[in-house]
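This report concerns only the one structure given below.
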Amino acid sequence: MLPASLLRHPGLRRLMLQARTYAEAAAAPAPAAGPGQMSFTFASPTQVFFDSANVKQVDVPTLTGAFGILASHVPTLQVLRPGLVVVHTEDGTTTKYFVSSGSVTVNADSSVQLLAEEAVTLDMLDLGAARANLEKAQSELSGAADEAARAEIQIRIEANEALVKALE
């Protein structure tokens, strides 16, 4: 329950009273995958990479560790950490993406939704720039003014370490 002090704010009250509506495409149920198939949707705020595509396997980096997802995987919801998402398609091709964060949902019907805060193909990234950003962040860590600044720098370090690892 929200604290009463927040409810007195006119903007918040108006926000809480708004009716929620959905786009037709979002309200339509996802097509179920056939036996032994997995329906995969992968998107970022700026781009849709896969839209209910049948794929063989998806490898994802999560806060609890990296794992592969196949058809009939146990349902789960995981938070993504910076790292590589590897998609193995039915025709045998493999595509690698770098994600900064996000979530992955595996459903009982073998449908998988991966929503990334940021996602790019590896060919869009520069190893030299990632190394330079990593070195800069590491040098700034000791001079962090407070815990908040230190936490922000640590996040930059982790993201750039994952970038360097993905590109090497």
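Glycine too: its Cβ is placed from the backbone N, Cα and C atoms.
Sequence annotations record features per position, and here Swiss-Prot assigns transit peptide to 1-22 based on similarity to another entry. Taken from Swiss-Prot, the feature N6-succinyllysine applies to Lys136, Lys165. For Lys136, Lys165, the entry in Swiss-Prot reads N6-acetyllysine.
Straight-line distance linking the Cα atoms of Lys165 (N6-acetyllysine) and Lys136 (N6-succinyllysine), rounded to a whole number, equals 17 Å. In three-state terms derived from DSSP, Lys165 (N6-acetyllysine) belongs to a helical segment. Secondary structure at Lys136 (N6-succinyllysine), as computed by DSSP, is helix. The number of other CB atoms found within 10 A of the CB of Lys136 (N6-succinyllysine), across every protein chain shown, is 13.
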